[in-house]
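Listed in TrEMBL:
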type: TRANSMEM; residues: 6-27; note: transmembrane segment
type: TRANSMEM; residues: 88-110; note: transmembrane segment
type: TRANSMEM; residues: 116-136; note: transmembrane segment
type: TRANSMEM; residues: 148-169; note: transmembrane segment
type: TRANSMEM; residues: 189-209; note: transmembrane segment
type: TRANSMEM; residues: 221-240; note: transmembrane segment
type: TRANSMEM; residues: 339-358; note: transmembrane segment
type: TRANSMEM; residues: 365-385; note: transmembrane segment
type: TRANSMEM; residues: 405-425; note: transmembrane segment
type: TRANSMEM; residues: 437-456; note: transmembrane segment
type: TRANSMEM; residues: 498-515; note: transmembrane segment
type: TRANSMEM; residues: 791-809; note: transmembrane segment
Amino acid sequence: MFKKYIPHLIAVVGFVVVSFMYASPLLQGKRLAMHDTQMAAASAKELNDFHKQTGEWAWWTNSMFGGMPGYMVAGDYENSLSTKIGSFYINFIPSPANVLILLMLGFFVLMRVLKVNNWLAFFGSVAYAFNSYNLLFLEAGHVSKIIAIAFAPAVLASFIAVFRGRYLIGIAMTTFFMAMEMYANHPQITYYLFFLLGIYVLFESYLHVKKGNFSGLLKSYAVVLVGSLIGLGTHSMHLWNNFVYSKETTRGKSELTLGNLNQSADGLGRDYAFSYSPGKIETLTLLAPNFVGGSSAANLGEKSETYKMLVGKGVDASTAAQFSSNLPMYFGPQSYVSGANYSGIIILFLFILGLIIIRDGLRYVLILTSILYLFISWGSSFSGFNFFMFDYFPYYNKFRDSKMIVTLMHLCFVLGAMLGVNKIITDKLSFNDLKKPLMYSLGSLLLLILVGYFSLDYQSARDADMLKSMAQSNGQEFANAFSASLIADRQSVVLSDLLRSVFLLIVSAGLIWAFSTQKIKSTVFVAVLGVLAALDLTLVDKRYFNNDDFQTKTRVAESFNPSPADEQIMQDKDPDFRVVDMATNQGFFADATASYFHKSVGGYHGAKLKRIQELYDNAMTKDGKYNLPIFNMLNTKYFITPGQDGNPVAQRNPDALGNAWFVGEIKTVKNADEEIKAVSNFNPRAVAFVDERYKQYLANTKQDSTATIKLTEYKPNYLAYESNSLTTQVAIFSEIFYRGNEDWKSFVDGQQTPHFRANYVLRAMTVPAGKHKIEFKFQPKSVIIGAKIDLVASILMVLLVVGALVMEFRKKKSSEA
């Protein structure tokens with residue numbers, strides 16, 4: 001019995017070998033320096049330090065955006081078994097090899113459920129992993145996205161197993177792989193996956209009803225539902241956290257109406273959500289990666305027409321080479337792209353061929369899903385469809401950059417391609433059987449390439465501004481020469497890739513002809529076709545993600561070496577103040593580096609609290625300058641600014657208001673619009689603005705010049721203050737208000753006492769006269785109760801998976817007896 005699993009083990013070893021071959025610098029001890037991963041490490045520093053010191057997770061951090069839930073940054077879901085499994089694996093194997101292996105394993109599971117030839121399954125898995133967008137996401141550090149993409153085919157495989165009557169193995173797979181999909185914690189990819197699963201379930205439902213197999217249909221529904229719910233249940237804490245937090249983020253409903261014409265009732269603004277939409281013509285990069293030029297910063301080197309032009313104009317060779325290493329080759333409508341979405345011309349050819357020749361009902365699922373995914377990927381370029389979905393389809397408006405859905409479209413492509421080749425092999429189709437399908441698939445792609453090629457003009461909307469600037473600095477003649485050379489370079493890279501694709505098409509068709517006419521054996525056919533498809537993809541991937549992206553461990557660690565400005569600030573032993581890093585190139589609201597060393601007003605995160613974003617957009621700047629009262633009320637004690645020599649310098653802010661203060665005047669406002677206008681121009685030391693919904697918490701106060709309030713203890717999730725006043729006072733705390741009296745709870749002398757929001761983002765409290773101890777404790781129900789549900793669901797998962805596998809084993813053993 002063990003012998004039947006040897007091919008599977010060989011495949012797994014092969015995946016490991018392929019991954020480390022692609023990421024060979026890992027074998028030299030180097031590591032991948034990924035932007036988002038570095039930002040995540042900086043964001044999590046306070047939480048990780050607190051965990052090392054106490055053994056506890058704080059679940060709140062003050063290191064970014066003045067404060068935000070820590071469960072969106074770092075933490076251990078200690079009762080979630082699937083999280084433990086996923087974290088162990090990801091940390092055991094260095095990145096990116098770990099996720100590349102995972103991508104291949106996920107697709108291999110799908111191939112084996114569909115009983116695809118082992119070697120074909122291996123090469124299909126490699127093709128799935130090395131879609132160019134997967135590698136671009138990896139280079140950027142979007143690891144959770146890739147993990148979600150990796151488990152997607154395994155989740156689909158689970159559903160297929162169930163609806164094809166393999167209930168025991170099906171429920172085990174559904175439970176486990178749904179749990180692992182949730183572990184990835186990338187709601188957008190999982191949301192898009194459910195479109196594929198939904199179409200598949202609808203199609204299977206139709207087939208079951210058509211056959212009159214109602215009992216089988218209901219049983220399949222029950223198995224999928226139970227398995228999915230238990231899998232989801234193992235992540236109750238983080239799903240609950242996400243659900244609660246999403247309402248408070250930029251994806252939640254805004255109370256502002258000023259300048260929000262494109263803001264959906266509850267979700268992202270339409271313009272923001274579709275700001276990364278590609279043009280329809282960019283779909284053809286699936287066939288040839290440089291169809292619209294490739295990257296916005298391409299390195300063409302000394303062979304380029306631009307380099308030759310520059311040298312011809314008297315520019316020295318080194319300057320010309322440097323300029324030619326960063327050329328704007330991309331001429332599509334997006335503002336910037338790192339590379340193209342390429343699924344492989346061989347895979348596309350085999351996909352179309354497969355849709356023609358396979359009779360499996362899955363082809364209809366693949367056709368419908370691919371079309372849907374294509375429409376969604378176009379974003380605002382297909383506005384009628386996508387704006388309707390954005391406005392009316394549940395949760396659609398929570399997500400941006402919808403073109404990432406092409407990674408799941410690639411899943412459909414590779415699946416259709418492998419099913420097609422598998423049919424050619426297993427049914428031993430002759431050339432006569434394949435003549436027309438080959439002609440249709442080959443002809444359609446060649447026609448697309450031809451029509452697309454002659455529709456290009458090689459010019460971008462951004463070129464005009466670039467050439468205007470160049471003309472002002474170097475003269476019109478120089479600008480014209482640069483424009484001509486740039487267009488020539490764009491034409492060259494497009495034509496080169498198109499000829500490459502035509503060549504691969506002809507070779508692939510030739511291999512199918514050779515096999516179908518019995519010129520070569522199936523093993524040779526699969527091996528050569530598989531290697532060719534893998535090389536097609538990986539050679540393109542290397543344009544964007546190669547050995548240059550790796551650095552020594554020492555160099556990676558140097559990313560967080562403190563500057564002299566950081567070291568100066570760290571000498572301040574005050575436990576709780578904020579810093580604004582104005583020396584960063586990205587802007588302090590898009591860079592988390594400062595969070596590694598300090599409690600920052602800025603940061604880097606895909607889901608900021610909506611109110612802090614709105615404060616940034618509407619009040620942090622005034623008349624083109626930073627609005628200092630806003631930073632003062634956030635207790636910004638230091639600004640890091642560029643020095644005259646280019647090195648960052650720390651400047652102390654003498655007007656920072658500290659951790660808490662009493663205000664003499666409270667003004668109520670009717671709504672968020674009034675409040676954001678009010679805080680744009682005020683003195684936070686003297687007055688506070690409070691929404692009238694909180695007026696029940698306000699009390700009559702009298703001025704007390706002797707009143708004091710100070711911070712006495714600081715932890716990320718616990719703050720203690722001591723107040724002393726002769727009369728009742730309203731205290732303002734320089735801490736971010738978040739789910740006040742629900743998750744953040746406040747206490748006066750041990751008795752829970754309500755607090756409220758002031759100045760749009762801060763906490764406030766009415767404090768009685770006398771000497772008191774005031775405490776804030778972060779105690780979210782989603783963490784406390786969610787952890788218990790995680791534990792119960794994890795136990796159920798183990799019992800269900802182990803029980804189902806044992807029963808399946810016994811069933812097979814008895815059938816073989």
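Positions of Cβ are set from backbone N, Cα and C atoms, glycine also.
Quick caveat, the model's predicted, so the values are computed rather than measured.
Remark: the transmembrane segment (189-209) contacts the transmembrane segment (365-385), by the rule of 3 or more CB pairs under 8 A. Counted as Cβ pairs under 8 Å, contacts with the transmembrane segment (116-136) are highest for 405-425 among 6-27, 405-425, 498-515, 791-809. Remote same-chain residues near the transmembrane segment (365-385) are listed as 192, 195-196, 199-200, 203, 274, 276-280, 283, 333, 355, 402-403, 405-406, 408-409, 412-413, 415-416 (criterion: CB distance under 8 Å, separation of at least six residues from the stretch ends).
Counted over residue pairs separated by six or more positions, the transmembrane segment (221-240) shares at least 3 Cβ pairs under 8 angstroms with the transmembrane segment (148-169), which defines the two as touching.
Beyond the ends of the transmembrane segment (791-809), by six or more residues, the same chain brings 79-82, 168-169, 171-172, 175-176, 179, 227, 230-234, 236 to within a C-beta distance below 8 angstroms of the stretch.
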